[in-house]
Amino acid sequence: MTDPFTSDGAKMPPKPFTIEEGRRQVRSFVLRQGRFTPAQQRAFDELWPRFGLDYTGAPRDLDAVFGRPAPKVLEIGFGNGAALRFAAQHDPARDYIGIEVHAPGVGRLLNALDDDGATHVRLYHHDAVEVLEREIADGALDEVRIYFPDPWHKKRHNKRRLVQPAFAQLLVRKLRDGGRLHAATDWADYAEQMWDVLDATEGLVNRAGPRGHVARPAWRPQTHFETRGQKLGHGVWDLLYDRESGMENRESPGQAPAAPG
């Protein structure tokens, strides 16, 4: 397969992003070129066997992957990995799975995880929808995090946004009862779409009430995407949803929930 991530003639990772043959769907991402440093290449060469999960299209036993029956947290589109690394450092009791299609970001996080001596983080370099559909069992996830997904701000591109009704229904299936969905965006229009979709999704309950959001929770560090957006005058919206029908865990709008222990 031809690797889509060539840049400056650099050799690219031996575990490239792959697209399942014979499938056509609207993608929520583009395969952007980016500089791939020698250190990031070494990370793929040397660290992928330890931290990487190759997409196979077959159901995966996550407890066997991590060697323990701990709660599982999935971050979709982890970018440079800052939030995922922070979470793993401060929450060793849970296992973390990250999905990202941008190879340099994956390489950077691989090096960071090695520096940290992390043992409870695994990464996919693949399309999140295919991973969820084919490799993650229903009810397997304690939490799903989606921080600053591509806003596709042009009206004609809105259909490419990740948060769509079918995707929300997929997340409900993969979350356990009582599980949590945490989404964040710095685009007001995307926040509106997230409310339109997620508030209407059966099985999801907005902790802050309809069209509500909370202050940035302690478990999400301020990212460079967020900082950039604030410099441009954008607001930031953190949306928390429980995968349950009860309303006992609702938060007041703008009030940050306690960080997990």
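Glycine is treated like the rest: Cβ placed from N, Cα and C.
Remember, it's a predicted structure, so these values are computed and weren't measured experimentally.
According to Swiss-Prot, the feature active site maps to Asp150. Residues or ranges marked as S-adenosyl-L-methionine binding site in Swiss-Prot: Glu75, Glu100, Asp127, Asp150. Summarising the annotation, Swiss-Prot assigns substrate binding site to Lys154, Asp186, Thr223, His224, Phe225, Glu226. The region 'Interaction with RNA' annotation in Swiss-Prot covers 156-161.
Known features from Swiss-Prot, placed on the structure.
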residue : record                               : DSSP (3 states)
Glu75   : S-adenosyl-L-methionine binding site : strand
Glu100  : S-adenosyl-L-methionine binding site : coil
Asp127  : S-adenosyl-L-methionine binding site : coil
Asp150  : active site                          : coil
Asp186  : substrate binding site               : coil
Thr223  : substrate binding site               : coil
>> Whole-number answer please: how many Å between the C-alpha atoms of Asp127 (S-adenosyl-L-methionine binding site) and Glu226 (substrate binding site)?
In response: 23
> On the 0 to 100 scale, where does the mean pLDDT of the region 'Interaction with RNA' (156-161) fall?
Replying inline: 75
> Cα of Glu75 (S-adenosyl-L-methionine binding site) to Cα of Asp186 (substrate binding site): how many Å, rounded?
Replying inline: 17
>> I'd like the number of other C-beta atoms within 10 A of the C-beta of Thr223 (substrate binding site), please.
In response: 20
> For Glu100 (S-adenosyl-L-methionine binding site) and the residue listed as 'active site', what Cα-Cα distance in Å is obtained after rounding to a whole number?
Replying inline: 12
> Where among the recorded positions Asp127, Asp150, Asp186 do you find the Cβ with the fewest other Cβ atoms within 10 Å?
Replying inline: Asp150
> Once near-sequence residues are set aside, which residues in the chain of His224 (substrate binding site), 6 or more away, have Cβ atoms under 8 Å from its Cβ?
Replying inline: Asn80, Ala82
> Here the binding-site residues are Glu75, Glu100, Glu226; which one has the lowest number of other Cβ atoms no more than 10 Å from its Cβ?
Replying inline: Glu226
